[in-house]
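As given in Swiss-Prot:
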TRANSMEM  33-53  transmembrane segment
DOMAIN    109-198  domain 'Cytochrome c 1'
BINDING   Cys122, Cys125, His126, Met264  heme c 1 binding site
BINDING   Met173, Cys219, Cys222, His223  heme c 2 binding site
DOMAIN    206-287  domain 'Cytochrome c 2'
Amino acid sequence: MADHSEVDSVSGTATTGHAWDGIKELNTPLPRWWVITFYITIVWAIGYWIVYPAWPTITSNTKGLFGYSSRADVAVELANLEKIRGDKMAALATASLADIEKDPQMLALARAKGKTVFGDNCAACHGTGAAGAKGFPNLNDDDWLWGGSLEQIQQTLLYGVRSGHPKTREGQMLAFGKDGTLKPAEIITVANYVRSLSGLPTRQGYDAAAGAKIFAENCVACHGDNAKGNPEVGAPNLTDKIWLYGSDEATLIETITNGRAGVMPAWEGRLDPTTIKAMAVYVHSLGGGK
């Protein structure tokens, strides 16, 4: 490798003095426009550091000479938005559920607000489309454990189910096997009887009369003589082919043996009353509201 520079005979540009396998490196200067632009960006960066928030400090950050804050801009925009919505939200806060249903504009506002709140607070369990999952009800159908009227939905949202709230909805599926109320063979029989109520196939040799007898003695108090359930205690309809935990025999045996006691949180105290009202309207509008 050479230790001195020379001028390239073709380009007239000096070399760096380096050569690799006969290939020499030209010392071509940067274009003047590029150098000027580079220096301008340095000056611009220094100016930006001075006039805008830029450098973090131990407790905050430098504020800059302009005192600009994008968060402050957002706060102003949100305040303006709240001002625009203020009258409508105030009307929504004082309106009854029946009044909201009668007013198309108020109904649209409640649905829009309720949809947003649902996505933030309810979708984790019920799904973004409110179709539910195992143990979490589908809110699009017309099957309601605790009633599907606007008032009933609002009450469920306010106080929850087995949530610990003083006004929570109480009621649970008893553990007939775990408590020793029914024997394993009886549980299998009544599980098949429950399947038959929805037209599902039953185990070969299943005794329908015995299943009906066990059901009448142990289940009618909550689910009713016709097995159509009771929203007063959260007992589901067993004849509509809608299943919260599953309709297969093994799942029904598990349910009857160990019971079910799902929990829904109470939203009173977490969300303001107007927001809960809007969420009730939204859930009611999903298609299954009564």
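Placed from the backbone N, Cα and C atoms, the Cβ positions cover glycine too.
What Swiss-Prot annotates, mapped onto the structure for a quick look.
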residue	record	contacts (Cβ under 8 Å, 6+ apart)
Cys122	heme c 1 binding site	Ala130, Met279
Cys125	heme c 1 binding site	Ala133, Phe136
His126	heme c 1 binding site	Phe118, Gly132, Ala133, Phe136, Pro137, Asn138, Leu139
Met173	heme c 2 binding site	Thr255, Ile256, Gly259, Arg260, Ala261
Cys219	heme c 2 binding site	Val190, Ala227
Cys222	heme c 2 binding site	Gly171, Gly229, Asn230, Val233, Ala235
His223	heme c 2 binding site	Phe215, Gly229, Asn230, Ala235, Pro236, Asn237, Leu238
Met264	heme c 1 binding site	Thr156, Gly160, Val161, Arg162, Ser163
Task: For the heme c 2 site built from Met173, Cys219, Cys222, His223, further residues of that chain with CB within 8 A of the site's CB center - done: Leu174, Asn218, Val220, Ala221, Ala235, Leu238
TODO: Using DSSP with the three-state reduction, classify Cys125 (heme c 1 binding site) as helix, strand or coil.
DONE: helix
Open item on the list: Centre the Cβ atoms of Cys122, Cys125, His126, Met264, go out 8 Å, and tell me which other residues of that chain have a Cβ in range of the heme c 1 site.
Closed with: Asn121, Ala123, Ala124, Phe136, Pro137
Task: Per-residue pLDDT averaged over the domain 'Cytochrome c 1' (109-198), given as an integer - done: 96
TODO: Would you mind splitting the domain 'Cytochrome c 1' (109-198) into helix, strand and coil residue counts from DSSP?
DONE: 41 helix, 5 strand, 44 coil
